[in-house]
Amino acid sequence: MAFANLRKVLISDSLDPCCRKILQDGGLQVVEKQNLSKEELIAELQDCEGLIVRSATKVTSDIINAAEKLQVVGRAGTGVDNVDLEAATRKGILVMNTPNGNSLSAAELTCGMIMCLARQIPQAAASMKDGKWERKKFMGTELNGKVLGILGLGRIGREVATRMQSFGMKTIGYDPIISPEVSASFGVQQLPLEQIWPLCDFITVHTPLLPSTTGLLNDSTFAQCKKGVCVVNCARGGIVDEGALLRALQSGQCAGAALDVFTEEPPRDRALVNHENVISCPHLGASTKEAQSRCGEEIALQFVDMVKGKALAGVVNAQALASIFCPHTKPWVSLAKALGALMQAWAGSPKGAIQVVTQGSSLKNSGSCLAPAVIIGLLKDASQQSNVNLVNAMLLVKEAGLDVTTSHNPATPREQDFGECLLTVALAGAPYQAVGLVQGTKPVLQALNGAVFRPEVPLHPGQPLLMFRAQASNPAMLPTMIGLLAEAGVQLLSYQSSVVSDGETWHVMSISSLLPSLAPWKPHVTEAFQFCF
């Protein structure tokens with residue numbers, strides 16, 4: 001999945017010129033058009049495989065479903081809440097961002113907001129412009145010794161922590177993913193949220209906008225906070241409940257707030273913006289020359305590396321895909337697709353649980369990318385799932401009535417000596433199991449239901465294979481099968497058979513084209529199927 005057919009990219013928001021240049025130097029056509037309406041954006045995307053946006057363009061499900069050629073959406077920045085991830089994933093469209101591009105700029109703005117809240121700098125400056133000299137009105141507070149609560153300890157959160165520690169602030173925080181040991185390494189003590197609220201003099205949020213983070217600061221949590229707490233939101237509008245914040249400001253429970261983001265941008269309700277203890281900016285978190293250049297450069301390089309098959313970085317909705325660009329993994333992905341297609345042809349649109357088992361040290365962490373490849377083989381022939389790919393496979397397989405489990409078996413000492421790795425695909429509770437491996441860079445089939453092929457059967461993309469099981473004691477069987485091929489006008493290209501298992505043998509014929517029907521074969525064999533992947 002090297003996205004080799006991605007040729008044209010639309011940039012629909014203002015980006016640094018380096019973005020266009022890098023894309024063009026990488027062999028891609030680039031169109032730059034900003035401030036497009038929904039209808040105009042859909043029209044422009046009809047001949048584009050790629051789209052790069054900042055935060056202004058809203059990539060909705062309507063746009064995604066109408067953009068027939070679209071394969072990749074790139075967000076030059078961190079947050080992707082302006083992209084409908086579910087719709088993109090369902091359609092098999094990759095979504096990527098630049099998680100590092102604006103981290104420093106967002107962190108520096110947050111630190112500036114904290115300092116402005118402590119010393120009321122914007123209010124004092126505005127007073128001076130009005131010709132006033134109000135020294136007593138703008139009495140501030142030192143940051144030294146104050147407690148800063150940081151909710152979200154990713155890249156931006158930790159940059160804020162290290163900077164504010166230099167002011168003598170004590171930093172505490174919460175993050176459901178970052179471990180306490182990791183956060184302690186950059187000076188943040190993690191505590192449960194209910195313990196954080198009453199301790200903080202300042203609270204800053206650095207989380208994505210999710211159902212679990214929407215309204216994270218609300219009437220209930222403000223009531224638990226220390227009276228006079230100051231709040232900063234340079235992350236996403238909606239994390240702080242704006243109605244609750246206004247009530248806390250009016251009651252004095254919250255002494256001040258600094259907001260760079262809002263639930264609605266620009267906000268039509270000006271009550272918060274106009275409050276004397278609120279500092280507000282028009283979403284400037286990433287608005288520095290350095291961040292814009294960095295984000296534009298990073299997303300362009302990610303597109304070019306992806307198209308050339310070098311690497312896949314910044315993936316939001318299919319992280320496991322990054323490993324398919326590893327030279328070791330590519331042939332295993334091809335093998336997984338082949339075994340999935342084999343299983344679909346053999347079991348006849350199976351239902352239930354599909355088991356994907358890896359074996360061998362080099363495949364220890366490969367199940368997450370091989371399972372979607374197996375699903376592609378399983379679902380590709382189903383007309384309603386013809387668009388299945390590595391992005392949407394795990395979503396579509398559930399709708400097809402299948403559960404997919406992955407597991408790993410460590411290699412035995414003997415297998416470790418020989419470096420043998422295996423991929424097994426099986427249908428739980430049914431007699432369908434296929435085992436394959438990679439020889440050099442070539443996928444091969446090793447066994448079906450324990451019947452081993454020696455030598456293994458090559459699995460070439462686009463090469464039809466006919467497989468059937470029959471009694472090993474029937475010497476007339478093979479001439480009969482060859483005769484049936486001739487009657488159908490199909491050439492036999494190669495032939496292999498397995499060792500005898502339970503008195504029967506599996507036979508594999510590489511043929512020039514798929515047979516129109518297997519009905520003539522059924523009286524002569526125990527079972528038969530054909531497939532091509």
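The backbone N, Cα and C atoms fix where each Cβ goes, glycine too.
Database features, via Swiss-Prot:
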ACT_SITE  R236  active site
ACT_SITE  E265  active site
BINDING   T78, R155, I156, D175, T207, C234, A235, R236, D260, H283, L284, G285, A286  NAD(+) binding site
CROSSLNK  K21  SUMO2 cross-link
MOD_RES   S14  phosphoserine
MOD_RES   K21  N6-acetyllysine
MOD_RES   K58  N6-acetyllysine
MOD_RES   T78  phosphothreonine
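Around the Cβ of L284 (NAD(+) binding site), the number of neighbouring Cβ atoms within 10 Å comes to 14. For the recorded positions D260, E265, counting C-beta atoms within 10 A of each C-beta gives the highest total at D260. Counting every protein chain shown, the Cβ of K58 (N6-acetyllysine) has 14 other Cβ atoms within 10 Å. The two recorded residues K21 (SUMO2 cross-link) and the residue listed as 'phosphoserine' have their Cα atoms spaced 14 Å from each other. When the recorded positions S14, K58, T207 are compared by Cα distance to R236 (active site), the shortest distance belongs to T207.
A 10 Å cutoff on Cβ-Cβ distances gives T78 (NAD(+) binding site) a total of 26 other Cβ atoms nearby, all chains included. For A286 (NAD(+) binding site) paired with the residue listed as 'phosphoserine', the C-alpha to C-alpha distance reads 13 Å.
In the three-state DSSP reading, R236 (active site) counts as coil. Counting neighbouring Cβ atoms within 10 Å of each of the recorded positions (K21, R236), the lowest count belongs to K21. Rounded to a whole value, the Cα-Cα separation of D260 (NAD(+) binding site) and K58 (N6-acetyllysine) is 19 Å. Proximity of T207 (NAD(+) binding site) to non-local residues of its own chain (separation of 6 or more, Cβ distance below 8 Å) is seen for L151, G152, T213, L216, A235, R236, I239, given in sequence order.
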